[in-house]
Amino acid sequence: MFVLVNLKTYPCDPVAVAEAVRDVNETTDARLAVAPQAAHLERVAETGVETWAQHVDPIDYGSNTGHALAESVAEAGAVGTLINHSEQRMKLADIDGSVQAARRADLETVVCANNPAQIGAAAALGPDAVAVEPPELIGTGTPVSQADPDVVEDAVDAAAGVDSEVSVLCGAGISTGDDVVAAGELGAEGVLLASGVAKADDPTAALEALVDPL
Ligand SMILES: O=C[C@H](O)COP(=O)(O)O
């Protein structure tokens, strides 16, 4: 299972969480990575953890202000990027542009979507993976695998119907090892989570509990 920890803009210490992700990754067959804010990418990547960006823009070098250029994100140490998170929503054409920009910079891509219909559209853009996240469950601690398991299974079917090479992750409310196992049983190849680790008093313990049953 791929466990991608999005730090969003939570007021955690990104380097401390990154070190916890790096160290717990050494103890498990699961693949763990962390997505800090853009301003923290370089410091996080220096820990040796697998580092992802939270966003890249559909732009190239040039006259753009306030954007995240895929090449700069890669130079800062990221190996992948989220695109179209529910908290950073994009138009379909711009999602397509960001996937292409990420590919140009050799960044792995996870395109997020709210529901299975959107997952089908996202998969058609040829990312490495898609992540289904019902927005109403984000940050609630109620896992999507429990509250709405059909969403995960339907997302897996929708992606497979478009492109069987595209992996499916699920996210929203995931905070325990049982949640991760349940996601896998529904067909997801990974999970996208944030508050369960970024807001934990002890991120290492939270991560260890996440991967323990895997
Ligand atoms: O990117 C992560 C997702 O929005 C899930 O967030 P959450 O784990 O706090 O529910």
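The first residue you see is number 1, and the count goes up from there.
Glycine is no exception: its Cβ is also placed from the backbone N, Cα and C atoms.
No curator has checked TrEMBL annotations; they are predicted automatically.
Annotation comment: TrEMBL describes ASN6, LEU7, LYS8, ILE138, GLY173, ALA194, SER195 as substrate binding site. All protein chains shown were included, and the count of other CB atoms within 10 Å of the CB of GLY173 (substrate binding site) stands at 25.
The annotation active site, electrophile is assigned in TrEMBL to HIS85. For HIS85 (active site, electrophile), other Cβ atoms within 10 Å of its Cβ number 24. According to DSSP, HIS85 (active site, electrophile) sits in a coil region rather than a helix or strand.
Secondary structure from DSSP puts GLU133 (active site, proton acceptor) in coil. Among the features that TrEMBL reports, active site, proton acceptor is placed at GLU133.
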Listed binding-site residues with Cβ under 6 Å from ligand 1, out of LEU7, LYS8, GLY173, ALA194: GLY173, ALA194
Farthest-apart CA atoms of ASN6, LEU7, LYS8, ILE138, GLY173, ALA194, SER195, residues recorded for substrate, distance in Å: 14
Euclidean distance between Cα atoms of GLU133 (active site, proton acceptor) and ASN6 (substrate binding site), Å: 13
Nearest-integer angstrom distance between the alpha carbons (Cα) of GLY173 (substrate binding site) and HIS85 (active site, electrophile): 15
Binding-site residues clustered about HIS85 (active site, electrophile) [Cα within 10 Å; pool: LEU7, ILE138, ALA194, SER195]: none
